[in-house]
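Novice: I have a structure here, written as C-alpha coordinates, and I will follow up with some questions on it.
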Amino acid sequence: MGNNVVVLGTQWGDEGKGKIVDLLTERAKYVVRYQGGHNAGHTLVINGEKTVLHLIPSGILRENVTSIIGNGVVLSPSALMKEMKELEDRGIPVRERLLLSEACPLILDYHVALDNAREKARGAKAIGTTGRGIGPAYEDKVARRGLRVGDLFDKETFAEKLKEVMEYHNFQLVNYYKVEAVDYQKVLDDTMAVADILTSMVVDVSDLLDQARQRGDFVMFEGAQGTLLDIDHGTYPYVTSSNTTAGGVATGSGLGPRYVDYVLGILKAYSTRVGAGPFPTELFDETGEFLCKQGNEYGATTGRRRRTGWLDTVAVRRAVQLNSLSGFCLTKLDVLDGLKEVKLCVAYRMPDGREVTTTPLAADDWKGVEPIYETMPGWSESTFGVKDRSGLPQAALNYIKRIEELTGVPIDIISTGPDRTETMILRDPFDA
(Lines of atoms letter the chains of each structure in order from A; the text may use other names.)
(Lines give C-alpha, C1' and ligand atoms only; values in the text may rest on other atoms or scores of the structure.)
Protein backbone atom coordinates (compact mmCIF):
# COMPACT_ATOMS: atom_id res chain seq x y z
CA MET A 1 0.00 0.00 0.00
CA GLY A 2 1.32 3.46 -0.93
CA ASN A 3 0.75 6.17 1.66
CA ASN A 4 2.77 8.90 -0.09
CA VAL A 5 1.78 9.26 -3.74
CA VAL A 6 3.36 11.73 -6.16
CA VAL A 7 1.43 13.03 -9.18
CA LEU A 8 3.53 14.81 -11.79
CA GLY A 9 3.62 15.66 -15.48
CA THR A 10 5.77 13.61 -17.83
CA GLN A 11 5.86 16.07 -20.74
CA TRP A 12 6.04 19.88 -20.98
CA GLY A 13 3.18 20.54 -18.58
CA ASP A 14 -0.57 20.84 -19.22
CA GLU A 15 -1.04 17.06 -19.05
CA GLY A 16 -4.18 17.18 -16.90
CA LYS A 17 -2.68 16.82 -13.43
CA GLY A 18 -5.26 18.91 -11.56
CA LYS A 19 -8.20 16.68 -12.37
CA ILE A 20 -6.33 13.51 -11.39
CA VAL A 21 -5.06 14.98 -8.13
CA ASP A 22 -8.59 16.10 -7.30
CA LEU A 23 -9.94 12.62 -8.10
CA LEU A 24 -7.36 10.76 -6.03
CA THR A 25 -7.62 13.12 -3.05
CA GLU A 26 -10.91 11.48 -2.19
CA ARG A 27 -8.76 9.12 -0.12
CA ALA A 28 -6.03 11.58 0.91
CA LYS A 29 -5.74 13.52 4.13
CA TYR A 30 -3.14 15.97 2.81
CA VAL A 31 -2.31 17.42 -0.61
CA VAL A 32 1.09 19.10 -0.95
CA ARG A 33 2.50 21.47 -3.59
CA TYR A 34 6.30 21.17 -3.56
CA GLN A 35 7.61 23.34 -6.44
CA GLY A 36 6.71 26.09 -8.86
CA GLY A 37 4.45 29.02 -8.13
CA HIS A 38 1.37 30.64 -9.63
CA ASN A 39 2.78 29.95 -13.10
CA ALA A 40 0.93 26.64 -12.84
CA GLY A 41 -2.65 26.33 -14.04
CA HIS A 42 -4.64 23.37 -12.75
CA THR A 43 -8.16 23.10 -14.13
CA LEU A 44 -10.81 21.08 -12.28
CA VAL A 45 -14.34 20.37 -13.51
CA ILE A 46 -16.72 19.09 -10.83
CA ASN A 47 -20.42 18.65 -11.58
CA GLY A 48 -19.94 20.86 -14.62
CA GLU A 49 -18.41 23.72 -12.59
CA LYS A 50 -14.93 24.80 -13.69
CA THR A 51 -12.27 25.87 -11.20
CA VAL A 52 -8.76 27.02 -12.18
CA LEU A 53 -6.13 26.94 -9.44
CA HIS A 54 -2.66 28.43 -9.85
CA LEU A 55 -1.06 28.29 -6.41
CA ILE A 56 -3.39 26.55 -3.99
CA PRO A 57 -3.26 22.71 -4.14
CA SER A 58 -6.10 20.96 -5.97
CA GLY A 59 -7.26 19.28 -2.75
CA ILE A 60 -8.70 22.56 -1.47
CA LEU A 61 -12.18 21.69 -2.77
CA ARG A 62 -12.32 18.58 -0.55
CA GLU A 63 -13.90 19.09 2.86
CA ASN A 64 -11.71 16.66 4.82
CA VAL A 65 -8.41 17.38 3.07
CA THR A 66 -5.69 19.73 4.30
CA SER A 67 -3.80 21.50 1.51
CA ILE A 68 -0.15 22.44 2.05
CA ILE A 69 2.16 24.79 0.17
CA GLY A 70 5.68 23.46 0.77
CA ASN A 71 9.00 25.28 0.96
CA GLY A 72 9.85 24.49 -2.67
CA VAL A 73 7.04 26.78 -3.87
CA VAL A 74 7.68 30.47 -4.52
CA LEU A 75 4.67 32.27 -3.09
CA SER A 76 3.12 35.48 -4.39
CA PRO A 77 1.08 37.05 -1.55
CA SER A 78 -1.11 38.96 -4.01
CA ALA A 79 -1.79 35.86 -6.13
CA LEU A 80 -2.59 33.80 -3.05
CA MET A 81 -4.99 36.43 -1.68
CA LYS A 82 -6.76 36.69 -5.05
CA GLU A 83 -7.16 32.93 -5.29
CA MET A 84 -8.31 32.65 -1.68
CA LYS A 85 -10.94 35.33 -2.22
CA GLU A 86 -12.30 33.66 -5.35
CA LEU A 87 -12.69 30.37 -3.47
CA GLU A 88 -14.08 31.98 -0.31
CA ASP A 89 -16.66 33.86 -2.40
CA ARG A 90 -17.90 30.42 -3.45
CA GLY A 91 -18.21 29.32 0.17
CA ILE A 92 -14.97 27.33 0.44
CA PRO A 93 -13.31 27.92 3.87
CA VAL A 94 -9.76 28.19 2.53
CA ARG A 95 -8.15 29.36 5.78
CA GLU A 96 -9.39 26.26 7.57
CA ARG A 97 -7.93 23.97 4.92
CA LEU A 98 -4.65 25.60 3.85
CA LEU A 99 -1.21 25.54 5.52
CA LEU A 100 2.09 27.14 4.45
CA SER A 101 5.77 26.47 5.04
CA GLU A 102 7.53 29.44 6.59
CA ALA A 103 10.44 28.71 4.23
CA CYS A 104 8.44 29.59 1.08
CA PRO A 105 10.27 32.39 -0.78
CA LEU A 106 8.05 35.38 -1.51
CA ILE A 107 7.40 36.70 -5.02
CA LEU A 108 7.05 40.48 -4.84
CA ASP A 109 6.50 43.22 -7.43
CA TYR A 110 10.18 43.68 -8.26
CA HIS A 111 10.45 40.01 -9.26
CA VAL A 112 7.64 40.51 -11.77
CA ALA A 113 9.26 43.69 -13.09
CA LEU A 114 12.58 41.88 -13.57
CA ASP A 115 10.93 38.91 -15.28
CA ASN A 116 9.18 41.11 -17.83
CA ALA A 117 12.16 43.42 -18.39
CA ARG A 118 14.41 40.46 -19.12
CA GLU A 119 11.99 38.79 -21.52
CA LYS A 120 11.65 42.08 -23.41
CA ALA A 121 15.42 42.50 -23.55
CA ARG A 122 15.86 38.97 -24.95
CA GLY A 123 13.71 39.88 -27.94
CA ALA A 124 13.53 36.98 -30.40
CA LYS A 125 15.45 34.80 -27.93
CA ALA A 126 12.80 35.13 -25.21
CA ILE A 127 12.26 31.98 -23.15
CA GLY A 128 8.49 32.43 -23.00
CA THR A 129 8.07 32.75 -19.25
CA THR A 130 4.64 33.50 -17.79
CA GLY A 131 5.96 36.88 -16.62
CA ARG A 132 4.94 36.21 -13.02
CA GLY A 133 8.34 36.62 -11.36
CA ILE A 134 8.97 32.93 -10.75
CA GLY A 135 12.57 32.78 -12.01
CA PRO A 136 13.79 35.95 -10.27
CA ALA A 137 12.27 34.76 -6.97
CA TYR A 138 14.15 31.45 -7.21
CA GLU A 139 17.32 33.41 -8.06
CA ASP A 140 16.95 35.42 -4.85
CA LYS A 141 16.46 32.20 -2.90
CA VAL A 142 19.68 30.66 -4.22
CA ALA A 143 21.56 33.94 -3.77
CA ARG A 144 20.37 33.94 -0.12
CA ARG A 145 18.87 37.40 -0.36
CA GLY A 146 15.27 36.26 -0.80
CA LEU A 147 12.52 37.16 1.66
CA ARG A 148 10.47 34.25 2.99
CA VAL A 149 7.07 33.81 4.61
CA GLY A 150 8.81 33.38 7.97
CA ASP A 151 10.33 36.86 7.68
CA LEU A 152 6.83 38.32 8.07
CA PHE A 153 6.76 37.41 11.76
CA ASP A 154 9.17 40.32 12.45
CA LYS A 155 7.74 43.25 10.51
CA GLU A 156 10.49 45.72 11.42
CA THR A 157 13.28 43.44 10.26
CA PHE A 158 11.27 42.55 7.16
CA ALA A 159 11.09 46.24 6.20
CA GLU A 160 14.87 46.56 6.53
CA LYS A 161 15.56 43.45 4.47
CA LEU A 162 13.08 44.57 1.82
CA LYS A 163 14.74 47.98 1.50
CA GLU A 164 18.13 46.38 0.98
CA VAL A 165 17.02 43.86 -1.65
CA MET A 166 14.93 46.44 -3.51
CA GLU A 167 17.88 48.83 -3.77
CA TYR A 168 19.79 46.00 -5.43
CA HIS A 169 17.05 45.10 -7.90
CA ASN A 170 15.95 48.66 -8.67
CA PHE A 171 19.53 49.47 -9.64
CA GLN A 172 19.30 46.73 -12.31
CA LEU A 173 15.87 47.81 -13.49
CA VAL A 174 16.82 51.47 -13.93
CA ASN A 175 20.43 51.27 -15.08
CA TYR A 176 20.53 48.07 -17.09
CA TYR A 177 17.00 47.47 -18.35
CA LYS A 178 16.09 51.18 -18.57
CA VAL A 179 12.67 50.78 -16.95
CA GLU A 180 11.07 52.42 -13.93
CA ALA A 181 12.04 51.47 -10.40
CA VAL A 182 9.51 49.58 -8.26
CA ASP A 183 8.09 51.64 -5.39
CA TYR A 184 9.44 50.40 -2.05
CA GLN A 185 6.67 51.83 0.13
CA LYS A 186 3.93 50.28 -1.99
CA VAL A 187 5.55 46.83 -1.86
CA LEU A 188 5.99 47.15 1.90
CA ASP A 189 2.42 48.36 2.50
CA ASP A 190 0.88 45.69 0.27
CA THR A 191 2.86 42.92 1.95
CA MET A 192 2.22 44.14 5.49
CA ALA A 193 -1.51 44.27 4.74
CA VAL A 194 -1.59 40.48 4.34
CA ALA A 195 1.30 39.48 6.62
CA ASP A 196 -0.87 38.34 9.53
CA ILE A 197 -3.05 36.21 7.25
CA LEU A 198 0.01 34.45 5.84
CA THR A 199 1.72 33.85 9.19
CA SER A 200 -1.50 32.49 10.70
CA MET A 201 -1.29 29.55 8.26
CA VAL A 202 2.37 28.67 8.89
CA VAL A 203 3.22 25.16 10.07
CA ASP A 204 6.34 22.96 10.32
CA VAL A 205 5.62 21.03 7.11
CA SER A 206 8.42 18.48 7.41
CA ASP A 207 7.33 17.51 10.92
CA LEU A 208 3.66 17.40 9.92
CA LEU A 209 4.43 15.05 7.02
CA ASP A 210 6.54 12.80 9.22
CA GLN A 211 3.76 12.59 11.80
CA ALA A 212 1.30 11.78 8.99
CA ARG A 213 3.62 9.03 7.77
CA GLN A 214 3.82 7.50 11.23
CA ARG A 215 0.01 7.50 11.50
CA GLY A 216 -0.34 5.92 8.06
CA ASP A 217 -2.25 8.89 6.58
CA PHE A 218 -2.55 9.12 2.80
CA VAL A 219 -0.65 12.09 1.35
CA MET A 220 -0.73 13.31 -2.25
CA PHE A 221 2.13 15.40 -3.65
CA GLU A 222 0.98 17.58 -6.54
CA GLY A 223 3.53 18.50 -9.19
CA ALA A 224 3.31 21.57 -11.41
CA GLN A 225 4.57 22.04 -14.98
CA GLY A 226 6.20 18.86 -16.37
CA THR A 227 9.34 16.72 -16.28
CA LEU A 228 10.77 18.11 -19.51
CA LEU A 229 10.68 21.62 -18.01
CA ASP A 230 12.86 20.65 -15.02
CA ILE A 231 15.59 23.22 -14.34
CA ASP A 232 18.28 20.51 -14.35
CA HIS A 233 16.92 17.78 -16.62
CA GLY A 234 14.69 19.71 -19.03
CA THR A 235 15.37 21.36 -22.40
CA TYR A 236 17.65 24.00 -20.84
CA PRO A 237 17.43 27.00 -21.03
CA TYR A 238 13.80 26.62 -22.16
CA VAL A 239 12.77 25.32 -18.76
CA THR A 240 11.07 26.47 -15.59
CA SER A 241 13.09 27.49 -12.53
CA SER A 242 12.32 24.55 -10.23
CA ASN A 243 12.77 20.79 -10.03
CA THR A 244 9.62 19.33 -11.54
CA THR A 245 10.81 15.73 -11.21
CA ALA A 246 10.04 13.36 -8.33
CA GLY A 247 13.31 14.34 -6.63
CA GLY A 248 11.76 17.75 -6.00
CA VAL A 249 9.27 16.21 -3.58
CA ALA A 250 11.86 15.61 -0.87
CA THR A 251 13.62 18.96 -1.22
CA GLY A 252 10.42 20.94 -1.75
CA SER A 253 8.39 19.53 1.13
CA GLY A 254 10.78 18.03 3.68
CA LEU A 255 9.55 14.46 3.27
CA GLY A 256 12.38 11.93 3.50
CA PRO A 257 13.03 10.53 -0.01
CA ARG A 258 12.72 6.92 1.16
CA TYR A 259 9.06 7.49 2.00
CA VAL A 260 7.80 8.15 -1.53
CA ASP A 261 5.74 5.02 -2.25
CA TYR A 262 4.27 5.54 -5.73
CA VAL A 263 4.97 8.00 -8.56
CA LEU A 264 2.11 8.54 -11.01
CA GLY A 265 3.13 10.13 -14.30
CA ILE A 266 0.40 12.07 -16.07
CA LEU A 267 0.71 11.44 -19.79
CA LYS A 268 -1.33 13.25 -22.41
CA ALA A 269 -2.26 11.04 -25.39
CA TYR A 270 -0.46 13.55 -27.64
CA SER A 271 2.13 16.27 -26.96
CA THR A 272 1.80 19.99 -26.25
CA ARG A 273 4.15 22.76 -25.27
CA VAL A 274 3.72 26.43 -24.33
CA GLY A 275 6.43 28.95 -25.13
CA ALA A 276 9.75 28.48 -26.87
CA GLY A 277 12.00 25.42 -26.88
CA PRO A 278 12.56 22.10 -28.69
CA PHE A 279 9.51 20.09 -29.77
CA PRO A 280 10.47 17.43 -32.36
CA THR A 281 6.94 16.10 -32.99
CA GLU A 282 5.29 19.51 -33.37
CA LEU A 283 2.64 19.61 -36.10
CA PHE A 284 2.02 22.67 -38.26
CA ASP A 285 -0.70 21.10 -40.42
CA GLU A 286 -4.43 20.50 -40.07
CA THR A 287 -3.81 17.64 -37.62
CA GLY A 288 -2.00 20.03 -35.29
CA GLU A 289 -4.91 22.44 -35.57
CA PHE A 290 -7.35 19.58 -34.94
CA LEU A 291 -5.54 18.60 -31.72
CA CYS A 292 -5.51 22.22 -30.54
CA LYS A 293 -9.21 22.73 -31.22
CA GLN A 294 -10.43 19.35 -29.94
CA GLY A 295 -8.19 19.50 -26.89
CA ASN A 296 -8.93 23.18 -26.15
CA GLU A 297 -5.19 23.72 -25.93
CA TYR A 298 -4.99 27.19 -24.47
CA GLY A 299 -3.05 27.88 -21.27
CA ALA A 300 -5.06 28.07 -18.03
CA THR A 301 -2.59 30.64 -16.69
CA THR A 302 -1.71 32.75 -19.74
CA GLY A 303 -4.40 31.91 -22.30
CA ARG A 304 -1.64 31.29 -24.84
CA ARG A 305 -2.25 28.77 -27.63
CA ARG A 306 -0.27 25.62 -26.97
CA ARG A 307 1.89 24.04 -29.63
CA THR A 308 0.63 20.54 -30.48
CA GLY A 309 2.12 17.33 -31.87
CA TRP A 310 2.20 13.55 -31.75
CA LEU A 311 3.12 11.67 -28.59
CA ASP A 312 6.91 11.49 -28.21
CA THR A 313 7.79 8.24 -26.43
CA VAL A 314 11.52 9.04 -26.62
CA ALA A 315 10.98 12.07 -24.41
CA VAL A 316 8.54 10.17 -22.21
CA ARG A 317 11.11 7.42 -21.62
CA ARG A 318 13.42 10.11 -20.25
CA ALA A 319 10.64 11.05 -17.83
CA VAL A 320 10.34 7.39 -16.83
CA GLN A 321 14.06 7.31 -16.00
CA LEU A 322 14.12 10.59 -14.09
CA ASN A 323 11.06 9.89 -11.96
CA SER A 324 11.22 6.09 -11.49
CA LEU A 325 7.56 6.05 -12.49
CA SER A 326 5.26 3.45 -10.95
CA GLY A 327 2.45 3.96 -13.45
CA PHE A 328 0.87 6.33 -15.97
CA CYS A 329 -2.44 8.11 -16.09
CA LEU A 330 -3.28 8.59 -19.77
CA THR A 331 -5.30 11.76 -20.33
CA LYS A 332 -7.22 13.30 -23.24
CA LEU A 333 -7.53 10.03 -25.13
CA ASP A 334 -10.86 11.31 -26.46
CA VAL A 335 -9.11 14.16 -28.31
CA LEU A 336 -7.75 11.60 -30.79
CA ASP A 337 -11.27 10.38 -31.66
CA GLY A 338 -11.97 10.68 -35.38
CA LEU A 339 -8.38 10.61 -36.65
CA LYS A 340 -7.82 8.03 -39.41
CA GLU A 341 -4.35 7.29 -38.10
CA VAL A 342 -2.32 8.10 -35.00
CA LYS A 343 1.45 8.30 -34.72
CA LEU A 344 3.97 7.60 -31.97
CA CYS A 345 7.51 8.95 -32.11
CA VAL A 346 9.75 5.94 -31.31
CA ALA A 347 13.22 7.34 -32.11
CA TYR A 348 15.06 10.43 -33.38
CA ARG A 349 17.18 10.87 -36.48
CA MET A 350 20.07 13.18 -35.66
CA PRO A 351 21.50 15.68 -38.18
CA ASP A 352 24.43 13.31 -38.87
CA GLY A 353 22.02 10.48 -39.78
CA ARG A 354 22.28 8.49 -36.56
CA GLU A 355 19.14 7.03 -35.03
CA VAL A 356 18.88 7.46 -31.25
CA THR A 357 16.32 6.41 -28.66
CA THR A 358 17.31 8.87 -25.92
CA THR A 359 16.81 12.62 -25.76
CA PRO A 360 19.61 15.16 -26.18
CA LEU A 361 20.43 17.05 -23.00
CA ALA A 362 20.83 20.74 -23.97
CA ALA A 363 18.41 22.68 -26.16
CA ASP A 364 21.07 23.34 -28.82
CA ASP A 365 21.59 19.59 -29.25
CA TRP A 366 17.94 19.20 -30.34
CA LYS A 367 18.48 21.32 -33.46
CA GLY A 368 17.82 19.37 -36.62
CA VAL A 369 16.40 16.36 -34.76
CA GLU A 370 13.76 14.54 -36.84
CA PRO A 371 11.15 12.25 -35.28
CA ILE A 372 10.88 8.65 -36.48
CA TYR A 373 7.25 7.58 -36.33
CA GLU A 374 5.31 4.39 -35.93
CA THR A 375 1.87 4.77 -37.51
CA MET A 376 -1.21 3.00 -36.15
CA PRO A 377 -4.87 2.95 -37.23
CA GLY A 378 -7.07 5.55 -35.56
CA TRP A 379 -10.66 5.11 -34.45
CA SER A 380 -13.93 6.76 -35.38
CA GLU A 381 -15.91 5.75 -32.27
CA SER A 382 -16.18 8.22 -29.40
CA THR A 383 -14.16 7.48 -26.26
CA PHE A 384 -15.47 10.58 -24.49
CA GLY A 385 -16.78 9.76 -21.03
CA VAL A 386 -16.19 6.00 -21.38
CA LYS A 387 -15.80 4.62 -17.86
CA ASP A 388 -14.89 1.01 -18.57
CA ARG A 389 -11.93 -0.33 -20.53
CA SER A 390 -14.20 -2.76 -22.40
CA GLY A 391 -16.04 0.24 -23.87
CA LEU A 392 -12.96 1.49 -25.71
CA PRO A 393 -12.47 0.79 -29.44
CA GLN A 394 -9.90 -1.92 -30.23
CA ALA A 395 -7.70 0.61 -32.04
CA ALA A 396 -7.59 2.77 -28.90
CA LEU A 397 -6.70 -0.28 -26.80
CA ASN A 398 -3.90 -1.10 -29.25
CA TYR A 399 -2.60 2.47 -28.92
CA ILE A 400 -2.61 2.18 -25.13
CA LYS A 401 -0.83 -1.18 -25.22
CA ARG A 402 1.86 0.15 -27.57
CA ILE A 403 2.58 3.09 -25.25
CA GLU A 404 3.05 0.62 -22.38
CA GLU A 405 5.41 -1.49 -24.51
CA LEU A 406 7.50 1.48 -25.64
CA THR A 407 7.85 3.00 -22.17
CA GLY A 408 7.89 -0.10 -19.97
CA VAL A 409 5.36 1.46 -17.59
CA PRO A 410 1.74 0.31 -17.05
CA ILE A 411 -1.16 2.69 -17.67
CA ASP A 412 -3.02 2.49 -14.36
CA ILE A 413 -5.57 5.26 -15.01
CA ILE A 414 -7.29 6.42 -18.21
CA SER A 415 -9.04 9.80 -18.42
CA THR A 416 -11.71 10.25 -21.10
CA GLY A 417 -13.07 13.69 -20.22
CA PRO A 418 -12.57 16.74 -17.97
CA ASP A 419 -14.98 15.70 -15.19
CA ARG A 420 -13.62 13.65 -12.29
CA THR A 421 -16.22 10.94 -13.05
CA GLU A 422 -14.93 10.44 -16.61
CA THR A 423 -12.05 8.26 -15.48
CA MET A 424 -11.08 4.58 -15.37
CA ILE A 425 -8.93 3.61 -12.38
CA LEU A 426 -7.37 0.27 -13.31
CA ARG A 427 -5.02 0.33 -10.33
CA ASP A 428 -5.38 2.82 -7.47
CA PRO A 429 -2.00 4.34 -6.50
CA PHE A 430 -2.94 4.21 -2.81
CA ASP A 431 -3.49 0.44 -3.13
CA ALA A 432 -0.44 -0.28 -5.28
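Residue positions begin at 1 at the first shown residue.
Positions of Cβ are set from backbone N, Cα and C atoms, glycine also.
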Novice: Considering the IMP binding residues D14, E15, G16, K17, N39, A40, G41, H42, T130, R144, Q225, R304 given in Swiss-Prot, which of T157, T235, T240 is annotated for that site as well?
Specialist: T240
Novice: For the C-alpha pair, I'd like the distance in angstrom between R304 (IMP binding site) and D14 (Mg(2+) binding site), rounded off.
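Specialist: The Cα atom of R304 (IMP binding site) is 12 Å away from the Cα atom of D14 (Mg(2+) binding site).
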Novice: For H42 (active site, proton donor), just count the other CB atoms lying within 10 A of its CB, please.
Specialist: 25
Novice: On a count of neighbouring CB atoms within 10 A, which of the binding-site residues T43, Q225, T302 is highest?
Specialist: Q225
Novice: When DSSP states are folded down to helix, strand and coil, where does R305 (substrate binding site) land?
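Specialist: The three-state answer is strand.
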